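Report on the structure given below.
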Amino acid sequence: MKVENIVIFLHNLLGGPIAKDDHRLTPLQMCIYTTTVIGTSVALFTLCLFDLHRMLYSRDLVLSVIDLLMLLGIATTVLAIQSSTVIKHLTKSRVSIFQCLDDIDAHLYTLNIGGEPTHNLSRNWLVAAVGAIVISLAYLLAIALRINQANTLIFAFKAYGMFVIFLMHGMFLVLCYQIWQRIRCMVVHLGKMIASFKRQNIISNNSDKGNVGLRFCRDLQTLAIVQWQCFRACNRLNDECGLSNVSIFGMFFYVLTAKSFQLFYICSIEFKRHGFTFTHLIEPTVLIIAVFLYFFTSAYLGEMVLRETQLVINNLHKFESMHTTSQHKINQSELVEQLGNQIVHQPICFNVINFFQIDLKFFHLVMASVATYLIILLQFDFQN
């Protein structure tokens, strides 16, 4: 069995929004199964609520409130991920993200680019699964010394939620990377077309120019289809992961803000009250590092997609500037203009239900907001 199928099965076992196919189970069976998974998560979260009185007043009220909001954030995100599965099956689309990628590869194959976008695909899926497992284990090790009979269920639910969240976001990053690689293939092929066009103007004879012009027209038409398929795949991914990504990025923002403040609080105020406790520093450190890496990776991939799309437009301008007034080249110029208009009117970008676009500008905005709220929290006099 492929690594891709194992990871997808593991994710669907926990109720994720992405599925490769629905042939093994009918939509009704999938809805029943996903509803059962949601009911199990709600039952576990309800059991955790019975121990909140011990967690809230066990040591420090400020740290207890931070842990409580973290628990609520994890529960909300897990339920959003699992609920999006039900929504996906109720509003079932005929075309999945995986079918869109297969369609893109079929057209890239006609351009002699078969197999390049899927290079190291199994490794990417394995990295997504291993990353979620490593973060969950690291979180368990970070809180191992704090686990007792009263908070075992709470920490177990948090570890389970961490695995679901980071596995879902890891799969989202893998699919974003696959779309980026296919847009990059368009850039590379346009570069080859420009180089070939230069050689044609230098060394080709008149009898070959007609055949070369027809080949360029055919390639431009294929690239237009590839661009439209990439646009469709990106929209499909944004729709399937939109609800879950809203909760995930919201939780990321809370972790970066609250856990950074928690580190300051433990190292200053908590140190004066109870002395230095190393075990309370490990958990926020692990979460901040994990969240920052995943958040930066998603913003970086979104930025790379925008830049590769701009490179496609730049190469189209270069290609169009080389044309003369021959009939074949006039046809090529029209195809170049059509492809350019298609890219402008159908931009390929990753967004979250059209609330915001995932790129480095979004990353800078979130980091600035985290710094602002962190400064506001640090100005409170928690000692009094």
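Note that Cβ sites are derived from N, Cα and C of the backbone, with glycine treated the same way.
In TrEMBL, annotation is done automatically, which means it is predicted and not curated.
The following features are taken from TrEMBL:
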type	residues	note
TRANSMEM	32-50	transmembrane segment
TRANSMEM	62-81	transmembrane segment
TRANSMEM	125-147	transmembrane segment
TRANSMEM	159-180	transmembrane segment
TRANSMEM	246-269	transmembrane segment
TRANSMEM	281-301	transmembrane segment
TRANSMEM	362-380	transmembrane segment
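Scored by C-beta pairs under 8 angstroms, the transmembrane segment (362-380) has its highest count with 246-269, from the stretches 32-50, 125-147, 246-269, 281-301. Ranked by Cβ pairs under 8 Å to the transmembrane segment (246-269), the stretches 32-50, 62-81, 125-147, 281-301 are led by 62-81.
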